[in-house]
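Asker: Pulled these features from TrEMBL for this protein:
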| type | residues | note |
| --- | --- | --- |
| ACT_SITE | Asp49 | active site |
| ACT_SITE | Cys52 | active site, nucleophile |
| ACT_SITE | His262 | active site |
| SITE | Glu237 | site 'Linear diubiquitin binding' |
Amino acid sequence: YKLSVSPEMDIMEYCRREWRGNTPAAKRMRKGYEAVAQKFASIRRIRGDNYCAFRATLFQALSQATQLPRWLQSEDFTMLPENLLSKYDWIKQWQLRQKPGKRMGEISDEIKQYLTLLRKKWKSISEIKSPLEKQEACDKLFKNEDEEYSLYEALKFLMLNTAIELYNADKSGRRVPVFSWLLFARDTSSNPCQLMHNHLNHIGHSGGLEQVEMFLLAYALQYTIQVYRLYKYSTDEFITLYPNDPEEDWPLVTLITEDDRHYNIPVRMCQETML
């Protein structure tokens, strides 16, 4: 049993423990952490499996949620698997977590359950008024492995849906964000079917999210994901936004990474920053 989200720890104390040496890399990391510490007092470590980008993003989104996002409110939200399967036969090859070889009807029902759970959890946590109780509810959810991994399956499916929408928009001549071209310019994901087979089906099993997929996650959730990329300290990419031209009404979540593979979360904004 591993904690999915570790208790908070002073950010500079964490940095001193992790980066003791005098190598150029250690010095850069310390500078990066000092910059983050101007804004946030603490850090929470995220469990390091191939779901950590999902885990960090969803934990941050839920722990500050005050309402259900618009896309989660729509009537036909849970009908998504049925609707997509009726149009795209290849979705039958969707790889359910630890359940290879499930039949198409079962896949549809299963994903519907995951989407229903996502809406239910988001709704109940966003309705909690007390910040302390909200935090406790998030901690509890991320200690329940079954529910937690079901939520990641829901996120993956939402990413597939978003990818299909962007692909179709581009094919019909509508404007799409630049990352969408990059997503489908890869040899391994020139269309949504390939994206599913070669990327989404592997997330959590043999790999995490690549850079371009962080954009896709942000679009699927309609959240801006701000990432302190510590190894990029003192470059233009130190603080990266996914997407880099976010919609004004999208909420913001903040993550920290040392290498673009593993993500942790900063917590407790410093008072002067909040003012």
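Just so you know, glycine gets a Cβ as well, placed from its N, Cα and C.
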Asker: Across all chains shown, how many C-beta atoms besides its own are within 10 angstroms of the C-beta of Asp49 (active site)?
Answerer: 15
Asker: Given the recorded positions Asp49, Cys52, Glu237, find the one whose Cα is closest in space to the Cα of His262 (active site).
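Answerer: Result for His262 (active site): the nearest of the recorded positions is Cys52.
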Asker: Glu237 (site 'Linear diubiquitin binding') to Asp49 (active site): how many Å between their Cα atoms?
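Answerer: Answer for this pair: 25 Å between alpha carbons.
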Asker: By a simple count of other Cβ atoms within 10 Å, which of Cys52, Glu237, His262, the recorded positions in the record, is least packed?
Answerer: Glu237
